[in-house]
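Novice: Input: one structure, supplied below.
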Amino acid sequence: MFEIIPNWHPVFVHFTVALVSVSAISYLLGHVLKDYPLGQELLTVGRWCLWFGLLASIATVSAGFIAYYSVAHDAQSHEAMTIHRNWALLTFSGIFIVTLWSFWRYFRHTHSSISFIVCMLILFVLITITAWHGAELVYRYGIGVMSLPSSTESGHHTQAESSEHTHNH
């Protein structure tokens, strides 16, 4: 059977980060260029990316909870996981609220406002902070990593130093 190791969270999270980030940038540029055809297109891109970003974030948070309660970890990494989870819940709440606001604006045929753009930029900051904490879990604590290669030396050696290391740089 097809299995994602260790879980689906790393798959979904990249969609959430990409879609919400592109949405924030598109809304900002669309607002700046709103008097031009490109500006209207960017606002449409921002809206669709935000809406799909909400769907992706529902999958991301769901898979994140499964990961939170299932991956092997120690006490120190548990604290880091809890910090990441708390940032993720704050970020998800922001995505949910701003997406509802976007729906309301769309169906009421209202234009983008500075307050909406500021909220999108805050979402961009929140998702960046949350992603950083997630990266810390993987790269600092090794959470979700099945195995690490054994290393006998610090640093990186060249081809000439070892016949076992066969790829070129």
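Residue numbers in this text run from 1 along the chain shown.
Every residue, even glycine, has its Cβ placed from backbone N, Cα and C.
TrEMBL lists these features:
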DOMAIN    9-145  domain 'DUF2231'
TRANSMEM  12-30  transmembrane segment
TRANSMEM  50-71  transmembrane segment
TRANSMEM  87-107  transmembrane segment
TRANSMEM  113-132  transmembrane segment
Novice: Give me the mean pLDDT over the domain 'DUF2231' (9-145), rounded to a whole number.
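Specialist: Per the prediction, mean pLDDT sits at 95 for the domain 'DUF2231' (9-145).
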Novice: Using DSSP, how many residues of the domain 'DUF2231' (9-145) fall into helix, strand and coil, respectively?
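Specialist: Split by secondary structure, the domain 'DUF2231' (9-145) comes out as 117 helix, 0 strand, 20 coil.
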